[in-house]
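Visitor: Provided herewith is a single structure, encoded as structure tokens, for subsequent inquiry.
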Amino acid sequence: MRLRWLPSRTAPTWPSRGDLLAGPSVALVLIPQSLAYAELAGVPPERGLFTAAAAPAIAAIAGSSRYLQSGPVALTSLLTLGALAPLMATGTAEYAAHAALLAILVGIIRVLLGLLRGGALSYLMSQPVVAGFTVGAAMLIVASQLPTLLGVSAGADNPLVGGWLAITAVDQWQLGPVLLGLSTIAILLGGRKLHALFPGALLATVAGVILGATGFGGAQVGAISGGLPLPSLDLPWASVGALLIPAVVIALVGFAEPAAIARRYAAQDDEPWNANREFVGQGAANLASGLLSGYSVGGSFSRTALNRLSGATSRWSAVFTGLWVLVLLPLAPLLSTLPTAVLAGLVIAAAISLVEIRPFREYWRWSLPQFGVAVPTLILTLLLAPRVELAVLVGVGLAIAVHLWREFRVDIDSWRRGQELHIQLHGVLYFGSAPEVERKLRAALAAQPDAGELVLHLDRVGRLDLTAVLVLRNVLDRVAGEGMPCRFAGIAPSAERLVRKVLRDDATARSVSPGSNTAAPDTAST
């Protein structure tokens with residue numbers, strides 16, 4: 001019998017021919033990307049390969065999406081860099097060990113969230129926060145790769161500063177890295193326009209390895225291990241406290257990508273999507289990556305799209321992707337001559353696809369408060385780098401503040417119909433907004449001193465608690481004391497019981513008739 005608290009599973013299927021073909025297609029893109037994202041995360045290149053071998057199959061087996069391809073991604077790599085770079089030097093054994101520990105912590109948090117039915121958190125993460133952070137992160141990713149692409153050494157903590165120093169040091173640019181990096185970007189972006197299945201990453205990598213073997217292209221990846229390490233728990237556990245908050249941020253923010261991907265394809269196929277199970281799948285993938293000396297993983301938009309276009313029909317395709325990486329791992333030393341400028345081009349091309357301006361235009365047109373959350377989050381992401389997780393925390397705080405501001409805000413429409421003064425309340429009436437409700441009601445009544453009857457409309461009230469009802473009673477006490485009849489119109493069913501219960505035995509209530517549900521006019525004036 002399945003334990004009730006475990007996320008539900010879909011029935012297993014046998015692999016299709018499309019799954020068999022999609023697996024190697026994605027693996028050939030994943031291998032060079034894993035090297036590039038490892039550089040971005042600050043870990044040795046082979047750690048990216050370890051991550052690529054461990055994550056896809058485990059995430060597919062434990063997850064819910066038929067198409068989602070998990071593994072090293074740009075956003076999670078940047079978050080890893082932001083969490084660890086302020087603590088120690090990148091590229092060292094100590095740094096790599098902490099990256100593996102961070103992946104394990106992220107995995108534990110995600111698995112727990114999934115098992116405890118915390119999948120709803122994937123819907124609660126404010127979209128303006130995610131949009132602002134993603135665009136800011138993409139800009140940082142591009143800036144961080146500019147020194148490598150230009151062949152310039154820029155020792156700056158903030159990637160924006162390093163990128164600017166690299167751009168302005170024109171006299172230090174190296175022709176080989178510039179040509180290879182720009183060619184890689186052109187191949188990837190141009191190839192996407194030619195055909196979705198264009199193997200741009202593979203072609204750029206092969207060309208880079210060949211040119212690198214001739215000594216062209218500047219700095220190279222260097223020696224790469226061709227094997228997979230045994231699972232190990234020999235990690236710096238004393239650093240758990242320092243990594244806990246970054247792990248929580250990565251667990252939640254990093255889940256936004258795989259959640260969005262899985263939801264998109266589930267909606268296209270009119271299939272259910274289980275957020276709890278996806279949390280477990282992504283958590284298990286991070287655990288596996290950390291145990292195999294990798295680093296934190298997420299879901300890839302580009303590889304998932306390639307997976308589906310290649311004919312994938314089930315989660316078996318991602319399993320085969322992981323297996324193909326394992327099969328090709330012994331050939332990894334052949335990539336030692338790959339110029340790092342090619343990796344920089346791969347990362348920049350991926351980061352460019354993360355930049356979406358349309359959400360900001362929509363926020364500007366539809367909701368200025370949400371625009372006021374997205375833009376500061378973007379700016380803080382740039383300013384606080386490499387501690388980008390702090391920008392996320394501030395963005396979440398801004399989103400909560402906007403929500404509370406809306407909760408405190410209550411709008412009132414008032415209009416006359418003969419001797420009747422109609423007052424329509426909009427919003428949430430609770431203890432937080434009660435003072436404003438009382439103030440606005442008194443102001444509306446004072447503006448119509450000659451009204452003969454008060455009709456109070458509550459049908460557009462989202463929620464109403466005891467404190468708000470008591471405030472209404474106080475106002476009605478005053479109105480009744482002045483001899484004005486009062487009645488309610490259109491009480492929301494969720495509030496009617498509480499309103500009647502509070503006013504039932506009150507002296508004021510005997511002069512108040514709940515009356516009919518008189519509808520408010522289409523146009524109202526305040």
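For all residues, glycine too, the Cβ spot is worked out from N, Cα and C.
Unlike curated entries, TrEMBL annotations are predicted automatically.
From TrEMBL, for reference:
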- 72-89: transmembrane segment (TRANSMEM)
- 95-116: transmembrane segment (TRANSMEM)
- 128-152: transmembrane segment (TRANSMEM)
- 172-189: transmembrane segment (TRANSMEM)
- 196-217: transmembrane segment (TRANSMEM)
- 237-256: transmembrane segment (TRANSMEM)
- 316-332: transmembrane segment (TRANSMEM)
- 338-355: transmembrane segment (TRANSMEM)
- 423-504: domain 'STAS' (DOMAIN)
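Have a look at these and tell me how they're positioned relative to everything else.
Guide: Beyond its flanks by at least six residues, the transmembrane segment (72-89) meets 30, 33-34, 37-38, 40-43, 48, 51-52, 55, 95, 98-99, 102, 134, 137-138, 140-141, 144, 157, 239, 242-243, 246-247, 249-250, 253-254, 257, 295-300, 347, 350-351, 354, 385-389 of its own chain at Cβ-Cβ distances under 8 Å.
Beyond the transmembrane segment (172-189), the same-chain residues lying 6 or more positions past its ends with a Cβ under 8 Å from any Cβ of the stretch are 148-153, 200-201, 203-204, 207-208, 211, 216-219, 339-342, 344-346, 348-349, 352.
Within the chain, the transmembrane segment (196-217) has long-range Cβ neighbours (under 8 A, six or more residues past its boundaries) at 25, 28-29, 31-33, 176-177, 179-180, 183-184, 187-188, 190, 305-306, 309-310, 334-335, 337-339, 341-342, 345-346, 349.
Below 8 angstroms of C-beta separation, residues 75-76, 79-80, 82-83, 87, 98, 101-102, 105-106, 109-110, 113, 121-122, 125, 130, 133-134, 278-279, 282-283, 296, 298, 389, 392-393 of the same chain, each at least six residues beyond the ends of the transmembrane segment (237-256), sit close to that stretch.
Within its own chain, the transmembrane segment (338-355) is flanked in space by residues 32-33, 35-37, 39-40, 74-75, 134-135, 137-139, 141-142, 145-146, 148-149, 151, 176-178, 180-185, 188-189, 200-201, 204-205, 208-209, 211-212, 216-221, 301-302, which lie at least six positions past its ends and keep a Cβ under 8 Å from the stretch.
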Visitor: Would you mind listing the long-range same-chain contacts of the transmembrane segment (128-152), meaning Cβ under 8 Å and 6+ residues beyond its ends?
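Guide: For the transmembrane segment (128-152), the list is 39-40, 74-75, 78-79, 81, 159-160, 162-167, 169, 172-174, 176-178, 181-182, 218-219, 253, 256, 340-341, 343-345, 347-348, 350-352, 354-357, 359-360, 363, 370-371, 373-382, 385, 388, 391-392, 395-396, 398-399.
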Visitor: With DSSP as the yardstick, break the domain 'STAS' (423-504) down into helix, strand and coil residue counts.
Guide: 40 helix, 20 strand, 22 coil
